[in-house]
Amino acid sequence: MKTAAIIGGGVIGGGWAARFLLNGWDVRVFDPDPEAERKIGEVLSNARRSLPGLGNVALPAEGALTFHATIAEAVEGAAWVQESVPERLDLKQKVYAELQQHCAEDALIGSSTSGFKPSELQEGRGNASRIVVAHPFNPVYLLPLIELVGTDVNPADVIARAKEIISGIGMYPLHVRKEIDAHIADRFLEAVWREALWLVKDGIASTEEIDNAIRYGFGIRWAQMGLFETYRVAGGEAGMKHFMAQFGPCLTAPWTKLMDVPEFTDELVDLIADQSDEQSGMHSIRELERIRDDNLVGMMRAMSANDWGAGALQNVQDKAREGEAGLLNHIDQIGDLSKPVLTLNRTVPLDWTDYNGHMTESRYLDAFAQSTDRLMLLIGCDAEYIASGGSYFTAETHIRHIDEVHAGHSIQVRTQVILGAGKKMHLWHEMYEGDRLLATGEHMLLHVDLATRRSAPPAEHVEAALVKLATAHDALPAPDGLGRAIGAPR
Ligand SMILES: NC(=O)c1ccc[n+]([C@@H]2O[C@H](COP(=O)([O-])OP(=O)(O)OC[C@H]3O[C@@H](n4cnc5c(N)ncnc54)[C@H](O)[C@@H]3O)[C@@H](O)[C@H]2O)c1
């Protein structure tokens, strides 16, 4: 049932196609533009380079991408149809009339429309109950937000199923309970856009100065806390009420020109286009897309480490994908204890590479640290146990960098317990890409009491699980390179 039809494969439709494909769905595209296949291919190559490494767990195997000559053919077998044709109501309505004829009865139809209300798309359609707005943000393959807007004709199970599908492809369905022109987010963007046009037209700021005003300041704040939480902090200890008392009165001052729109004269359009060329014309659009994607991945991964905002969402998705990626949560789930255990299965993310174009040395330790965390989890040293006051600290590490690996490549780590007794846990990690050995990591960890910060014996159940794994691994041959000192002959 994991087949999606993409009707309109431009900037947004291409992003949807990539999002579905990389999450394991088959994708069938209809777009009359003879260039559509090339354009989608370019969006897809950007997506393949950035999305798989965003989380800490491997994505499922990619689905199949096919192109079709008619809407009727494209929607065959599709559980989800995503319409992303140009923003013209007459054109969209024409497409919906065709979709009504050819879609499976239980298929859901989402529209990418930025401005139209779902009732405008549902009007006159026999399958209105299956049509919703599913408004994404560019790049669709990285940004998780979907504004999901329905009307009274959409039954609750349609909205629930839409949420399930959207969440299943790693996105966040924000259910907009009441339809409104331009939904939620575009109303803000429109306000900021109007204000920016005035600032340029009135000669107060250039396009670059406006972008700097956003990216060096409030833009970074917004990405991680939004508006209200940011202002709550800005109110200091006195909080939100104090903030409103302090800045509320300014709202009546004529700081903004919100509803006035500057006339789009040739002069204004040229002024903005010229300034934009001067600001960014040294980069092609493809380069800018990659710069944007690199930064987005870096920011979202930083938020994952803090379990916050879009990063917290990614962590939930990683957790949901662990089983399919072969990662287990407890020793009792391991079928064959006699083999080294899989402790990492992920893609090398963009922010793990360096000026040499490959995974930088410190990230090998990052990967091994994730494997050690997984091994701890397997023996019962989980978040609850750590909160109760026990954990393992690393006392010594020896990494051998054997072969290089690049962003976007799939890596796995398998771990052998060399010693697990009392306070000591001696681990041997081997990192592979397929059959190719990339690195080994040898680590000695000590169990500690987090109150005294000193070594102390683990709880009985943790020690018993560790001993069980260590005993099973005793039968394995000693790994090549175990205990090797730097510079020692092979
Ligand atoms: N660009 C954005 O940032 C953005 C963000 C969110 C939502 N949207 C919405 O997404 C939709 C598409 O916008 P876009 O930016 O991808 O536009 P686009 O011009 O890049 O792509 C539209 C595509 O639709 C194709 N098309 C035209 N007529 C068609 C038809 N009858 N059947 C199938 N395909 C047809 C075109 O060939 C083109 O490839 C709009 O509704 C827009 O409001 C855009």
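Start at 1 and count along the chain as shown; that gives each residue its number.
Here the Cβ of each residue, glycine as well, is placed from N, Cα and C on the backbone.
As written in TrEMBL, here are the features:
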- 4-179: domain '3-hydroxyacyl-CoA dehydrogenase NAD binding' (DOMAIN)
- Gly8, Gly9, Gly10, Val11, Ile12, Gly13: NAD(+) binding site (BINDING)
- 184-250: domain '3-hydroxyacyl-CoA dehydrogenase C-terminal' (DOMAIN)
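Overlay of TrEMBL annotations on the structure.
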{"residue": "Gly8", "record": "NAD(+) binding site", "Cβ within 10 Å": "25"}
{"residue": "Gly9", "record": "NAD(+) binding site", "Cβ within 10 Å": "26"}
{"residue": "Gly10", "record": "NAD(+) binding site", "Cβ within 10 Å": "18"}
{"residue": "Val11", "record": "NAD(+) binding site", "Cβ within 10 Å": "15"}
{"residue": "Ile12", "record": "NAD(+) binding site", "Cβ within 10 Å": "25"}
{"residue": "Gly13", "record": "NAD(+) binding site", "Cβ within 10 Å": "26"}
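A Cβ within 8 Å of the Cβ centre of Gly8, Gly9, Gly10, Val11, Ile12, Gly13, the residues given for NAD(+), is found for these other residues of the same chain: Ile6, Gly14, Gly15, Trp16, Asp31, Ser84, Val85, Ser112. Shown for the domain '3-hydroxyacyl-CoA dehydrogenase C-terminal' (184-250): DSSP residue counts in helix, strand and coil, namely 58 helix, 0 strand, 9 coil.
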